[in-house]
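Listed features, source TrEMBL:
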BINDING   B:His2  Ni(2+) binding site
BINDING   B:Cys73, B:Cys76, B:Cys90, B:Cys93  Zn(2+) binding site
REGION    B:117-141  region 'Disordered'
Amino acid sequence: MCRAVDLQRAVLAKNEAAAQILRTELSARGTTVVNLLSSPGSGKTALLERELRLAGERGVSAAALTADLATENDARRLARSGVPVKQVLTDGLCHLEADMVARHLHDWLPESTRLLFVENVGNLVCPAGYDLGESLRVVLASVTEGEDKPLKYPTAFGLAQLVIVTKTDMAEAAEFDEAAFRANVQQVNPGVEVVLSSVRDGKGAGALLDRALATAEGNRVHTPVMARAGA
Amino acid sequence: MHEMSLAVAVVDQVEAAATSRGAVGVSSIELDVGELAGVVADALAFCFELACAGTVVEGAELITRTVPGTARCAPCAEDWAVGMPPRLLCPGCGGAADELVSGRELRIREVRWADPEVREGRRADPEAPREEHRHPITEES
């Protein structure tokens with residue numbers, strides 16, 4: 001029996017093969033990768049700063065790879081948490097690919113790392129299609145972005161294994177409708193957990209770290225409907 | 001704007017197929033693009049022009065077909081068009097869809113190789129009807 005070549009598999013066959021190798025290699029040495037996606041300015045770096053600091057306090061060995069088109073500002077911010085941090089400059093590329101991650105980990109990632117957080121390029125379109133070898137994919141949206149963000153970027157939210165709403169201390173000022181946001185998330189990704197977070201007032205502190213550790217311990221992770229694609 | 005990466009991958013794949021078949025030119029490439037594949041067809045077409053320059057694919061027409069998203073609810077034995085933005089909750093029971101049946105495709109449906117003589121500019125009879133050889137790219141499953 002013959003069938004047409006599926007390009008998504010072919011394009012991503014290269015990326016997915018690299019991602020799978022990375023996932024296998026890292027999990028063999030006890031490292032779990034968490035891929036963080038959001039729009040620019042949703043608070044990925046602020047959230048990570050808090051969670052990395054908490055990891056340090058709890059004695060969890062963590063590291064972070066942060067990607068931007070330009071500047072090393074985020075790496076400098078994250079380094080204050082005391083964990084190993086590396087900046088990836090994509091030189092204009094809108095997303096990370098698995099082989100880029102693998103190249104940056106080589107000769108850098110400490111052997112003992114339990115959790116590796118990858119802060120993707122701020123973009124809710126392109127990074128959605130690229131597996132980076134992660135075991136947990138987290139998508140963030142801040143309260144100022146509007147309740148319909150999951151509907152505007154359905155593939156990003158549809159493939160999330162955890163959704164974090166950030167800047168909830170500003171929810172009232174932004175007139176954020178939490179129920180509407182949750183309903184929109186459920187429409188594109190039924191069953192995914194939505195966590196509220198604010199680095200200002202401490203809401204949701206440790207939630208990301210806890211989910212990442214649970215994933216590292218082999219607890220079952222949500223499988224989005226979109227990831228169960230016959231396509 | 002990851003369409004450039006995708007366009008390069010299309011060209012690479014068709015080039016590899018052309019090499020293995022000894023084809024010297026490509027007339028057209030037909031793509032299936034799911035509406036949830038996160039691909040902008042116009043951007044892909046623009047990038048394709050750039051990506052195929054100087055390759056055996058140069059001059060080929062890129063035809064994209066949009067594949068609508070459909071989801072399935074097993075208990076209700078129902079399939080529905082998810083629409084855009086997609087609705088992955090069953091219209092019958094309100095429960096989560098069991099799977100997305102279609103809508104995330106991004107695949108080459110068919111490639112048409114150009115007539116070698118046309119490509120090489122030495123057709124014996126310019127008035128003869130131009131022949132195109134249709135070959136779906138296939139692989140053993």
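Any Cβ shown, glycine's included, is placed from N, Cα and C.
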* **Among B:His2, B:Cys73, B:Cys76, B:Cys90, B:Cys93 (the binding-site residues), residues with Cβ under 8 Å to chain A, listed in sequence order** => B:His2
* To do: Around the recorded Zn(2+) site, report the further residues of that chain (criterion: Cβ within 8 Å of the mean position of the Cβ atoms of B:Cys73, B:Cys76, B:Cys90, B:Cys93; site residues excluded), sequence-ordered.
  => B:Ala74, B:Pro75, B:Glu78, B:Pro91, B:Gly92, B:Gly94, B:Gly95, B:Ala97
* **Other CB atoms within 10 A, centred on B:Cys93 (Zn(2+) binding site)** => 11
* In the chain carrying B:Cys73 (Zn(2+) binding site), residues 6 or more apart in sequence that have Cβ under 8 angstroms from it -> B:Trp80, B:Cys90, B:Gly92, B:Cys93, B:Gly95, B:Ala97, B:Asp98
* Asked: In Å, rounded, how far does the Cα of B:His2 (Ni(2+) binding site) sit from the Cα of B:Cys76 (Zn(2+) binding site)?
  -> 37
* Structure fact -> Among the binding-site residues B:Cys76, B:Cys90, the one whose Cβ has the most other Cβ atoms within 10 Å is B:Cys90
